Amino acid sequence: MNKAILHTIIIYTLASCPYCIKAKALLDEKNVVYEEIEVSNFTQEEKEKFIKKSGGKKTVPQIFIDNIHVGGCDALFDLEKEGRLDKLLEGQPKKKMPAAGA
């Protein structure tokens, strides 16, 4: 079994949300692969599932690492300040770096 498949980061966002942009920038800085899910076109049922999955939170971003709800942008940056984010991201797939000269 491929262990990389077990590791996932999902971030629920809105395109124009500055907190979403900031959270994605931190994840990009960490060079980890994440799945971004845009919530603006969610059906009512999808919205309800999102809110339930997010522990009642209706705001974005909402970030999940290995199916564990981390929280929003502030929570992500708090983990970084506390030195705990890198530990949570251990084993996450890294983004492929472009070849030299590409």
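The chain as shown is numbered from 1 upward.
Quick reminder: no glycine exception, Cβ is built from N, Cα and C everywhere.
Swiss-Prot lists Cys17-Cys20 with the feature disulfide bond. In the three-state DSSP reading, Cys17 (disulfide bond) counts as coil.
Sequence annotations record features per position, and here Swiss-Prot assigns domain 'Glutaredoxin' to 1-96. Residue counts for the domain 'Glutaredoxin' (1-96) by DSSP state, with H, G and I taken as helix and E and B as strand, are 40 helix, 19 strand, 37 coil.
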In the chain carrying Cys20 (disulfide bond), residues 6 or more apart in sequence that have Cβ under 8 angstroms from it:
Ile11, Thr13, Leu14, Val60, Pro61, Cys73
